[in-house]
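According to TrEMBL:
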type	residues	note
DOMAIN	142-240	domain 'Mandelate racemase/muconate lactonizing enzyme C-terminal'
ACT_SITE	LYS163	active site, proton acceptor
BINDING	ASP192, GLU219, ASP244	Mg(2+) binding site
ACT_SITE	LYS268	active site, proton acceptor
Amino acid sequence: MRVTGATIHPIHLPLRDPFVVAYARWESMPSIIVELHTDTGLTGWGESVPDETVTGESHSAAVAMLRDVLLPAIRGREVADIDGAHAAMARAVGGNPSVKAAIDLALHDLLGQAASMPVHQLLGGHTDRPLTYPRVISVGTPEAMASGAEVALAQGFTEIKIKVGAGEPREDIARVRAVCEAVGERAQVRVDVNQHWRTPAVAVPAIRQLEGLGLRWIEQPVAAADITGLAEVRSVTSVPIMADESVHGMASLLQIIRERAADAVNLKLMKTGGLQPALAMVAAAQAAGLWVQVGSMVESSIGSAAGYHLAAARRHVTSTELTGPLLFSRDVGDLTYEPPTVHLSDSAGLGVRVDRDALEALLVAEPIAL
């Protein structure tokens, strides 16, 4: 089975409420849905969610990269040769992980369909354990965030992730304390700083004020490029540290391992370049004794399902945060959430039925057929 062509669908996914993190605010989420065609008639689906701050790609540049460079590089290739496809993409251009991920996901979707197997089984896994996810609370006032945590508890969530990083560290500390007081011992709380504290000089005093609250971890307290600073923070504080923006490909993961900069890593398919590179990174993290979470760039059901297939395929993945579809007022797929778990389909491939009417309605530019 060979790739014979592709269609690029540039879309914006509408958010129910603005999504706010330390470095940005979104009213809708830019996404690119990639549809691969084959000589057997099967169609595979992938997704790119570029982010200039995290992946170094803009939406328009990602569309152009798919159209002009990467999709031509894999046209005519055997679908089963995913390793060869990655090699071809690497020869064509460096970086651009989210657009490479879109192609990787579509190839895995096709290969699973051809084998009549869901992707997690194709990768050697099995869905014999529940895949849970946390309620993610955006940055707000301490009172609003505490109220959001109470709602999450009422919905059955046992894990709550809170975004901080607006204003001064003392404001973030107030947010965390308010949520922890509201939650008590009824749920685990994790904190995502999204680099906002920037340096150990700011991060260390802030984290020390949060010690004793029972936090599961604090995510990316310092600048992404400052892995040495991240190691310093970890060495002098007692709350577990998770690396997120500091982790891209294998090279950054190995540096984190060498410098003992984190207790856990957040792997996102849009940063790793897809499932195949992510599998190697899970293995490396496991060998080094790091916890692994599969995280989200706020993808649709397509990208989110792929992340859950990775989690189901590797038992060392102990946490997932793939809640994009819950945030959208309209999605292009049908991944099913039953709080606090997700129902991952056993259908072949990614197991997502794509809603072509929604796909057309959410377009921000004409589809590009190649």
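Using N, Cα and C of the backbone, Cβ positions are placed for all residues, glycine too.
Bear in mind that TrEMBL entries carry predicted annotations, made automatically and left uncurated.
Note that the structure is a prediction, hence the values are computed from the model and not measured.
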For ASP192, GLU219, ASP244, listed as binding-site residues, tell me which one has the smallest number of other Cβ atoms within 10 Å. ASP244
With an 8 Å cut-off on Cβ distance to the ASP192, GLU219, ASP244 Cβ center, who else from the chain surrounds the Mg(2+) site? ARG190, VAL191, VAL193, ASN194, ILE218, GLN220, MET242, GLU245, ASN266, GLY295
Please identify, among the recorded positions ASP192, GLU219, ASP244, LYS268, the one with the smallest Cα-Cα distance to LYS163 (active site, proton acceptor). ASP192
Mean per-residue pLDDT in the domain 'Mandelate racemase/muconate lactonizing enzyme C-terminal' (142-240) works out to 97
Near LYS163 (active site, proton acceptor), how many other Cβ atoms are within 10 Å of its Cβ? 23
Can you give me the Cα-Cα distance between ASP192 (Mg(2+) binding site) and LYS268 (active site, proton acceptor) in Å, rounded to a whole number? 15
Under a three-state DSSP reduction, the secondary structure at ASP244 (Mg(2+) binding site) is coil
For LYS268 (active site, proton acceptor), the number of neighbouring Cβ atoms whose distance to its own Cβ is within 10 Å equals 28
Indicate whether LYS163 (active site, proton acceptor) is helix, strand or coil by DSSP. strand
For LYS268 (active site, proton acceptor), which DSSP three-state class applies? coil
